[in-house]
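Copied over from Swiss-Prot, here are the features:
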BINDING   Arg27, Gln28, Ala29, Gly30, Arg31, Asp77, Tyr154, Ser209, His330  substrate binding site
SITE      Asp77  site 'Transition state stabilizer'
Amino acid sequence: MTALKNDRFLRALLREPVDTTPVWMMRQAGRYLPEYRETRAQAGDFLSLCKNTEFACEVTLQPLRRYDLDAAILFSDILTIPDALGLGLYFETGEGPKFKKTIRTEQDVLNLPNFNAKSDLDYVMNAVTTIHSALGGQVPLIGFSGSPWTLATYMVEGGSSKDFRYTKHMMYSQPEVLHALLDRLAVAVIDYLNAQIDAGAQAVQIFDSWGGALAHREYTEFSLNYMRKIVAGLQREKDGRRIPVILFTKGGGQWLEPMIATGADAIGLDWTTPLNVARKTVAGRVALQGNLDPAVLYGSAASIEKSVKAMLDDAYANGETTGYIANLGHGITQWVDPSQPKIFVDTVHEYSAKYLGS
């Protein structure tokens, strides 16, 4: 086991003292970086970029060369599981992910093949192993998966959606079919994340990107219950170290209490939930991660610094000095000037000394 030179991200997830606030950015490896665009051009297309071990490793490491980040996150796609289940993932320019097949009936669910993460997504595991080795203990590596609900929306809709018409039609007219699909996906996600942990991931995040599109009762029934099942099925310790689990539901700030009850170590927040309110609600029971509006990075240096300091003031307003990781409230956008995230990251580290005494 390689000793970590910087473990403050993991310590913060476990609500242990840190010398400065750890920070990373969702989608930190992405199109806003010119070196990423160059590597993607070499790969030929996005899926080839994901499926080539050397390219996936390279783009994972790129933001760490620019910014003083406290964690790396595996570069992959959220839809690897549906692709491995034979739905035929492809991308059209300007239109996002699409599937050649959709899941609309009970028979469609029954026809899904068996799934084994280590064999069906071996390219992901190879990437995790390679990245872990390349990091050399510099910072921890985060593995991830989409939540069952989020994966199901893409599988039922056949791609991205603004209103989730087919998925919600299934939810209200054939709930048993949707539950059957979600159960299959929960089992697959458990296998997938455990395989990533075996390959070297030191923390994992479940991205429930579309959970916020659900009504209160439906969120519990069709999203949260399956994330709870996943958390219960995950390997929580490896090589004598706890493997923290982060849940992130975009638009889910109103569901903090039931999210805490899943057994996750941390909850990610988007920018619509005040951090000071969330900290008071969770009362030290879990760590919190977030939640700068990614659009803040369009602003001037002074504007970014002001927003970051306000976020940190909120995070530490209640006197707690543990259990907080700075991040964006959603993924960084492709239009951000690559010089701007450095202001965000450096301000987090420098200003948090005011509260952490480092």
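Any Cβ shown, glycine's included, is placed from N, Cα and C.
Annotated features, which come from Swiss-Prot, shown on the structure.
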{"residue": "Arg27", "record": "substrate binding site", "contacts (Cβ under 8 Å, 6+ apart)": "Gly331, Ile332"}
{"residue": "Ala29", "record": "substrate binding site", "contacts (Cβ under 8 Å, 6+ apart)": "Tyr36, Val59, Thr60, Gln62, Pro63, Ile73, Phe75"}
{"residue": "Arg31", "record": "substrate binding site", "contacts (Cβ under 8 Å, 6+ apart)": "Arg37, Arg40, Gln334"}
{"residue": "Asp77", "record": "site 'Transition state stabilizer'", "contacts (Cβ under 8 Å, 6+ apart)": "Phe46, Leu47, Cys50, Asp83, Leu89, Pro97"}
{"residue": "Tyr154", "record": "substrate binding site", "contacts (Cβ under 8 Å, 6+ apart)": "Leu79, Pro82, Pro97, Phe99, Ser160"}
{"residue": "His330", "record": "substrate binding site", "contacts (Cβ under 8 Å, 6+ apart)": "Met26, Lys250, Asp270, Trp271, Pro294"}
Among Arg27, Gln28, Ala29, Gly30, Arg31, Asp77, Tyr154, Ser209, His330, which the record lists as binding substrate, the farthest-apart pair of C-alpha atoms sits at a distance in angstrom of 23
